[in-house]
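Here's what TrEMBL has on this protein:
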BINDING   C522, C525, C562, C565  Zn(2+) 1 binding site
BINDING   C531, C534, C549, C552  Zn(2+) 2 binding site
DOMAIN    290-459  domain 'Helicase ATP-binding'
DOMAIN    557-750  domain 'Helicase C-terminal'
Amino acid sequence: MENPSFPRFAEVLLPRPLAGGFTYIIPENMHTLLRPGIRVLVQFGNRKIYSGIILRLHNEKPENHQPKAILEVLGPAIDDQRILQFWEWLASYYMCTPGEVMNVALPSRLKLESETQLLCPLDEEQWPDTLSDTELEVLRITRSNSETTLNDVIKFSGASSVKVVRHLVDSGLLLIKESIKHQSLEKWIKVVRLRPNSEELIAAILSPNTRAKSQQNLLLAYYQLESTGQPITREKLLDVSRASMSSLDALVEKGIFEIVEVKESSIIGRSGMQAYTLTPVQNQALQQILDSFQKKRIVLLHGVTSSGKTEIYVHLMKQVQQSGGQCLLLVPEIALTTQLIGRLRQFFGDQISLYHSRMSDREQTDVWESVRKCEPTGRIVVGARSALFLPYSDLRLVIIDEEHDPSYRQDAPNPRYQGRDAAIYLASLFDARVLLGSATPSIESYFNTQIGKYDLVELHQRYEGLSLPTVEIVDLRAARKKGQLRGNFSQALLLAIEQAIARGRQSIIFQNRRGYAPRLVCTECGLILMCQHCDIALTLHKAAHKLRCHYCGSEKPVPLACSACGSVQLQLQGAGTEQIEDELTTYFPNARIERLDLDTARSKKRYQQLLTDMETGQIDILVGTQMVTKGLNFANVEVVGVVNADNLLYFPEYRAHERAFQLLEQVAGRSGRSGQVGKVFIQTYTPQHPVLTHVSTHHYGDFYQWQAAERREFHYPPFVRMIQLTLRHRDLKILQAAASQLAQSLTTLQEIHIIGPEFPPVARVSDYYRMRFLIKIPKNQSYLRIKNTLWHTCLSFFAHADYRRIRYTFEVDI
Ligand SMILES: Nc1ncnc2c1ncn2[C@@H]1O[C@H](COP(=O)(O)OP(=O)(O)OP(=O)(O)O)[C@@H](O)[C@H]1O
Ligand SMILES: [Zn+2]
């Protein structure tokens, strides 16, 4: 019988770059199963099958087409409506589609689609004998052909086989191709754990007059083991409780226990490590934060480098954990955060989940589920920006570490969003508190404290009252004149390194370019060797003996002569980390020198090794790109040298000064973290540059005043809002024609100020030319309305036959 009160249609979100959700008919047998957040399988177009997520149920029959019926119900993905609301907000705010958001939000396991490739890893002898006929059939199809897609299975065994596929994937008998490249060789073990919401059942068993004594013993043993923090395997539980297997099965059947597989490494016995006792200064900051949270939702913790911000995070996270709520700690790049995570693991043990896009699909899905069910491990999440998409239901605190870091922004593909800002919005949906932390806050965040939108809490002192490092600005021109320059190094810096080595202390040398030399130039005709596909000079990599493009990754052998004039007088210009390392080896032949950049630390293992060697004093000098500036905490670093600050200072972007200040202050902050005061040397040809002055006094407030005044005067954020619209096409003429036509159409938007069309500093990347518009929007204008107009203007403009092949993207709040 049809249930007349049940909605007849569902709006389903699909992982495609299309606007809005799509309407499907709800078959009768699904009435009890559907609600928003449930994953379903649907057909889209004539052939394609996708798993989508229900946005809402309704009764509005679409006017212009006959909807298809939902094929299968796959199960819940999201329980809390606010998560879907967040996805929709993200799409609309950052000018993309909810489908694109869904595409990055869901782990690939939850995203079956017709092209999904399936793989059966086990031989037939290894299959369990409990398989149903359909399961057997599906496995045989997959086994017989290494290129089997979900579509093939559906063609053969019908749409209902998808449920079977999903079940097989869940039990590890089938693998999804997309996830295969991520498969880690981790060992998994089966553990027993309590199911959520089983309190009543438990109370019944624990009541004194229960007849199920053996089950009671199991529960008590469980609690006992839980408090030790060890993994609770079936064997151990039976051993401690002296109960029988059948009693354990009974508890599983009753829905009190469940048996799940978890990664062995995720279970670290609680080491009994306590949080450090906060120093009085840190404690005062913590109290201020807690007080502020009573009145304001968002607090910026501005704490100088090595002031112990991490310890304050730990105390706040602990409070949320104890209250049973969820807490998210966002970090800019998980790969560069191993030290921080190590510290958190020591303290929280296995009660913490990591989440980032480089985890295996299975690990991602596990975290997804434990967050959705708000299990103990799903309450404290440490993640990169992708952790914003997890299905929280009781989020109470979001901490954003190094909130100024540019890697919070996703550049490509859509959604192109700023993770920090999105986190603040997500928190607002849950009325959760937000703590932004940094030694060098972004201008936007600090501005928000100045206008009273956020509260500001400051930590001016390093842990243990150590002084911030002394900074010497080294004038390279003067040094050269006085003959005090050797290669890329001033005598002052070399002397400091030498003295540090003599004292058994370490140095970090920062150069913002990898490779050996960023340019190879013909001294006869002046030709610079450029990438064939990009408008950028090729970088010489000496060890690999290659010229490489750092934009598109293409490579070339190193030529012996100039391709234009045949001269063999080719000269290297500029210096990358590889050259700096070489140079230091000649100056300090006995020193242990290592390099940390994308070329040497491609693997996580190698990166970890470098950190350990640095920590244990196996390295005297560490040369590196900005990888050495980020959050590293080495106790024994005395000297930090910046080989050349000028290429940071003169980058053509309105944030260049802000970025330069942040980078320099952060790298400086790696020195003198314990023991003696650190020494920083910044080499430059423009020693009077205000950024350098502010770094040398470590006075963030002065730096802010200076930058804010400039931004106000020249109308840049945070005093206006800014959107960048970029057009890309292989043909320069078509691109230019389109850009100037579009400029015409945009003149109708009178309230805004448009810069461009113009070429970005690198006009062509991977054979695509790029032109961009910078759109400045006064704060008194409706952002939403203007974005809408822009969106629709572009939609109709690029629908035009001549311009249909032009790709265009928006970057909001650039
Ligand atoms: N209360 C404390 N007790 C013991 N050690 C502490 C305490 N506070 C901080 N430390 C130690 O001081 C060092 C610096 O702390 P932390 O790394 O948290 O600084 P930070 O403010 O995050 O610095 P940065 O911004 O430079 O990354 C760490 O080794 C940390 O363990
Ligand atoms: Zn290139």
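Every residue gets a Cβ built from N, Cα and C, even glycine.
All TrEMBL annotations are machine predictions without curation.
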By CA distance, which of the binding-site residues (C522, C525, C565) lies nearest to C552 (Zn(2+) 2 binding site)?
C522
Around ligand 2, within a Cβ distance of under 6 Å, which of the binding-site residues C531, C534, C549, C552, C562 show up?
C531, C534, C549, C552
Please report the three-state DSSP label of C522 (Zn(2+) 1 binding site).
strand
What Cα-Cα separation, expressed in whole Å, is found between C534 (Zn(2+) 2 binding site) and C522 (Zn(2+) 1 binding site)?
19
On a count of neighbouring CB atoms within 10 A, which of the binding-site residues C522, C531, C562, C565 is highest?
C531
Give me the sequence-ordered set of same-chain residues, not including C522, C525, C562, C565, with a C-beta within 8 angstroms of the centroid of the Zn(2+) 1 site's C-beta atoms.
T523, E524, G526, L527, S563, A564, G566, S567, Q569
With the cut-off set at 10 Å between Cβ atoms, which of these binding-site residues ends up with the most neighbours? Options: C534, C552.
C534
Around the Zn(2+) 2 site (C531, C534, C549, C552), what further same-chain residues have their C-beta within 8 angstroms of the site's C-beta centre?
Q532, H533, I536, L538, H550, Y551, G553, S554, V765, S766
Give the residue from the binding-site residues C525, C549 that has the most other Cβ atoms within 10 Å of its Cβ, counting over every protein chain displayed.
C549
Pairwise CA distance, C549 (Zn(2+) 2 binding site) versus C565 (Zn(2+) 1 binding site), rounded so that it is a whole Å:
22
How would DSSP class C531 (Zn(2+) 2 binding site) in three states?
coil
Where does C565 (Zn(2+) 1 binding site) sit by DSSP, helix, strand or coil?
coil
